[in-house]
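What TrEMBL says about this one:
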- HIS335: active site, proton acceptor (ACT_SITE)
- LYS396, LYS400, SER401, GLN402, LYS403, MET404, SER405, PRO406, ASP407, SER433, ARG481, GLN532: CoA binding site (BINDING)
- TYR429, SER431, THR442: (R)-carnitine binding site (BINDING)
- 30-585: domain 'Choline/carnitine acyltransferase' (DOMAIN)
Amino acid sequence: MVKPSGLVKPVSVTQIAGRYLAHQEGLPKLPVPPLQQTCEYYLAALTPIVDPEELNHTRKLLEEFQKPGGVGERLQKGLEQRTKKMENWLSDWWLQTAYLDYRMPVVVHSSPGVVLPRMEFSDRQGQMRYAAKLIAGVLDFKSMIDNETLPVEYLGGKPLCMNQYYQVLSSCRIPGTKRDTVVNYTLVKRPPTHITVVHNFQFFVLDVYNSDGTPLTIDQIYIQLEKIWNSSLQTNKEPIGILTSNHRNSWGKAYNNLIKDKTNKESVRAIQKSIFTVCLDAPMPRVSDDMYRTCAGVQMLHGGGSRWNSGNRWFDKTLQFIIGEDGTCGLIYEHAPAEGPPIVVTSYLYRKKSEMVRTPMVPLRMPQNLRVSLLLLCSMAHDLDMKVSVFSHFGKDFPKSQKMSPDAFIQMALQLAYYRIYKRCCPTYESASLRMFRLGRTDTIRSTSIDSDKFVKAMDDPAKHNTEKVALLDKAVKAHRAYTDMAIRGQAIDRHLLGLKLQAIEDLAALPEIFMDTSYAVVLHFNLSTSQVPAKTNCVMCFGPVVPDGYGVCYNPMDTHINFAVSAFNSCQDTNAARLAQALEDALLDIKTLLEQTPKAKRSTAPYRPS
């Protein structure tokens, strides 16, 4: 249970003690899907992406795996027993395997960024004033968390797990030489009362509460930010924050050496314990309006390299708000504690009254002469190929007018765009929220299906009539919608298969053959890693690809336009972010034209039936 910190007053007289805990206990547990169902859908997911011979081999392995009294049944029973003993049979495993055991740098490879609407600052006072409002707004949000008065979110009339909101403040990832950990300081005896502010690669501790426990006003915060700015006019030649962008094993070793020094240890602990971090960035190089969003996306993901703002970060910190002198604003978050939607909601909040009072501010002395890892970050920054764009021809209004799910519509356009470039379908990951369940994180919506495969192959086939193409599109969209519903109800295949594999490892049994099969490696090689992160503000989230020859695609569908962020790696000759972004735009327009040219009377209204 998250207890009130005692630092802030209740935001509402209708506060209910223990509300968070009571809400959480009322949520259902994540189910374990039926074994046969998962095996059937696994074969269906493989059908469009592996050759018939490989598919046939996998079918035989699955038949063996499912035999009564066999290994599959034993592992399934193990998961069902685990469900009885734990709040969520998956959450601990997922945190470890997806994040804490992952040894690539968190920068680009794991941590998403969010580009917020550009601000117009006439001077640096504008930047400071905006930062002060943002800090005050997030402190308002923190008071709702401390007092357990955060409004519960619903999906389809069902309450969602709110746990992730309680993990993003006062938390930080701690590097290890083989495995990382996440520490949350909200529940310690004396919860932190400070944030960290970074300017010119220098880190400062800023106390954001008065001695009586009330939060600082906007004007108090503004005065403190001015002090920070004025005492850090020269750029720190040793951008210590860049260490956090390193390969996790290397950073783990450097970290252990770093904290042997008492001052270093205290400084690092102060950053880790802080409620959140605010990065006051120097302006990036001027670019055209067309290129601005892309450059802003890059700045949120990695800061532009050590020459620009990458030293102005502590990439292990869960939540870092970025406010550029040139009006570029957004945030980056370390992914282990939470998914995108709670982070985007957190970024809405900046409203406060103002009054002028001064409070003490303490600069942190950072360790010197640590010149490691600068080259690594530069190479990562150069390797990221990014395209952030606004598709302005229509938004979610058009798919809705066609009685189609906007998300499924966009995913089918993405399937078509990829197929047109590569003449094949690929494994596609779209994140599905499991927040209907206690401590739920995500599962995978597999956008590439037998039905999407038939549609993309028919779309540019001159021998196919428009009515047939539309019928195939309808079926593909409905298939995506049906799988999405399965996923959010805890019935998708990916986390179940992972659970069966981890159960075998935990039982110290031999790994079943289905997990050593070529098909299993292929199905998990997500050339398209995608996510819909809708927001009330005109923002877009961005993240890097999850495989060397893949793409990361995030989108925010607004009513009349769609914000897209597409990423790839320059080191892969076969991928190009701008090319996929253009192909996606063409696909969306071509599908719209197809629907408009096909009389609605001739289009199928029959319910979806799986192929």
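Each residue, glycine too, has its Cβ placed from N, Cα and C.
Positions of the features from TrEMBL, shown on the structure.
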{"residue": "HIS335", "record": "active site, proton acceptor", "Cβ neighbours (10 Å)": "20"}
{"residue": "LYS396", "record": "CoA binding site", "Cβ neighbours (10 Å)": "20"}
{"residue": "SER401", "record": "CoA binding site", "Cβ neighbours (10 Å)": "10"}
{"residue": "LYS403", "record": "CoA binding site", "Cβ neighbours (10 Å)": "11"}
{"residue": "SER405", "record": "CoA binding site", "Cβ neighbours (10 Å)": "18"}
{"residue": "ASP407", "record": "CoA binding site", "Cβ neighbours (10 Å)": "22"}
{"residue": "TYR429", "record": "(R)-carnitine binding site", "Cβ neighbours (10 Å)": "23"}
{"residue": "SER431", "record": "(R)-carnitine binding site", "Cβ neighbours (10 Å)": "20"}
{"residue": "THR442", "record": "(R)-carnitine binding site", "Cβ neighbours (10 Å)": "23"}
{"residue": "ARG481", "record": "CoA binding site", "Cβ neighbours (10 Å)": "18"}
Cα separation, LYS396 (CoA binding site) to the residue listed as 'active site, proton acceptor' (Å, whole number): 28
ARG481 (CoA binding site) versus TYR429 ((R)-carnitine binding site) - Cα distance in angstrom: 14
Mean of pLDDT values spanning the domain 'Choline/carnitine acyltransferase' (30-585): 88
Cα-to-Cα gap, LYS396 (CoA binding site) vs SER431 ((R)-carnitine binding site), nearest whole Å: 19
Inter-residue C-alpha distance, LYS403 (CoA binding site) and SER431 ((R)-carnitine binding site) (nearest angstrom): 23
Pairwise CA distance, ARG481 (CoA binding site) versus THR442 ((R)-carnitine binding site), rounded so that it is a whole Å: 16
Candidate nearest SER431 ((R)-carnitine binding site) in space, where candidates are the binding-site residues SER401, SER405, ASP407 and distance is Cα-Cα: ASP407
